[in-house]
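Q: Questions regarding the structure given below will be posed in turn.
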């Protein structure tokens, strides 16, 4: 059984010196000395800007360790070209904690089409390029270089979801465990508060880092001489050599990994990597409501570190939000939340949430509007299995697909009461629900829909039906489109009843496994018939360890081993994306080509279902010509600026005027992955 290290955080460790409530964790040795600290116990290195708000991992982990009596410092977005930034606080007494940030660094840097993004929401000024690609690797290696012998423990989304052999979309290869390339001693996977406190206390007590291999929720490497140390009850996954050479073996490994995620019945996993073996212990159990209350009640400043002079986009988005729960039992195949946060919902008490909102009203900058009260799925608050003895042996991947489990408690009363009481607090003008809501669950509670529509929508309600094709929705583990249509009808009726002009903003995914051009045409027709014109569209990105990523790579469903259609060619991916925005003139030619490719020319013209006109509009012709010219000049990509230059500049911004011949011969400054001769 796992020990709960969060119930009494103050037990053990060294008491911090000086007041801590009014100031963030130190980012320099001067700030540490101002607290009376001459050395630090733990140094975190992160690819994100440090924001002392419980929505950000470094804040919640750092404050948790601080409350447990440890001295913690944060090195944010260091220059990875040298190990000098890792020496900011001197040698840490216990360990380095390494994280790429709130996102996988490759997803943070690149679009679904493998182009460099324009900005980074987790960096000051939204600047791109302040962290390296595969940041966990660089950060761990520099920590080793800075202070030999100091334990290096990796965590966060990037390390967690790459802890075993995994498909990497950006290199189009199966890569080995991140443990082997980073040389980290351990990976703490999943939500790490309990694990990080256990690590600190055991290392503080004099244990060696190798002794921590018996912990839950960690992955580690065994050398050739340690092969006998693999746990006896461990399940052997197909080896790295097998999954790189056999896609069926890769699919089978994915099936086993996802079947062993319930902490109440999971078994350890072992995967051979040449002469080494990677072992993953059983996942950490969910933390209690009391522990959740403690974590979110710590003395956060709720602001970026004062050293930042530019606004941080991610902070601006969530600064007035309140987290009420974590985890998700939806099990969507394209989403990493279930894999990282777990399938079991962990909720805060109503009193804790209301207390946090009341504290927000004391802040002079707070305008009385809570921008979001939710979590991964807002209306899963306080939901759980009604039969714990069944939950303890359950291996179901989703509690709501293909239909809602009869043992799942779907009572919305706790979240309804929370919404009512929160909006009636003194100093509160509005409490919005901007997190995702599960529409099939919401349909089970007409009262919830009434409360949501009447009081908690800021004009637009964002929902994620993701697709309309039944086959694609099944691959996604999303409910049938009937749920979305029924939900929309109720939302419109309730909005009219309360006299509010409110709209649904649906989100859809293009090029998801199972989605072909015909399926996207059906989606385009649905959008046209219902008057939806999405401003932004989302292309499927194969993220490490996701089930849909395995479908993308192997072209197989890992649970049935049946073939799955995959849109891998860039040409088709562009057509699928264009079909979601068929109404935009610049997409005319891609939409026309898509319709012709499957014989749907009946949708070209002025008919009631016509997606595009018979003749291309002038805007389409101009856009096509402009795009061709940009490609010719190498201006169709973005560049990560080198140190000392303006970040995020486009290639066009660097071009100098000259003759056409000179411009034609000039080497492009744009960054293209795998471009011959690229730096």
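First residue shown is number 1, and so on along the chain.
The backbone N, Cα and C atoms fix where each Cβ goes, and this holds for glycine too.
TrEMBL annotations: computationally assigned, not manually curated.
When I checked TrEMBL for this same protein, it listed these features:
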- 328, 332, 335: [4Fe-4S] cluster binding site (BINDING)
- 314-584: domain 'Radical SAM core' (DOMAIN)
- 632-679: region 'Disordered' (REGION)
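What's the neighbourhood like for these features in this structure?
A: For the recorded site, residue 335 ([4Fe-4S] cluster binding site), the DSSP three-state label reads coil.
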Q: Let me know how many other Cβ atoms fall within 10 Å of the Cβ of residue 328 ([4Fe-4S] cluster binding site).
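A: Within a 10 Å radius of the Cβ of residue 328 ([4Fe-4S] cluster binding site) lie 26 other Cβ atoms.
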Q: Taking every residue in the domain 'Radical SAM core' (314-584), what is their average pLDDT?
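A: Looking only at the domain 'Radical SAM core' (314-584), pLDDT averages out to 96.
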Q: Show, in sequence order, which residues other than 328, 332, 335 on the same chain lie with their Cβ within 8 Å of the centre of the Cβ atoms of the [4Fe-4S] cluster site.
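A: Here the non-site neighbours turn out to be 330, 331, 334, 336, 337, 338, 376, 377.
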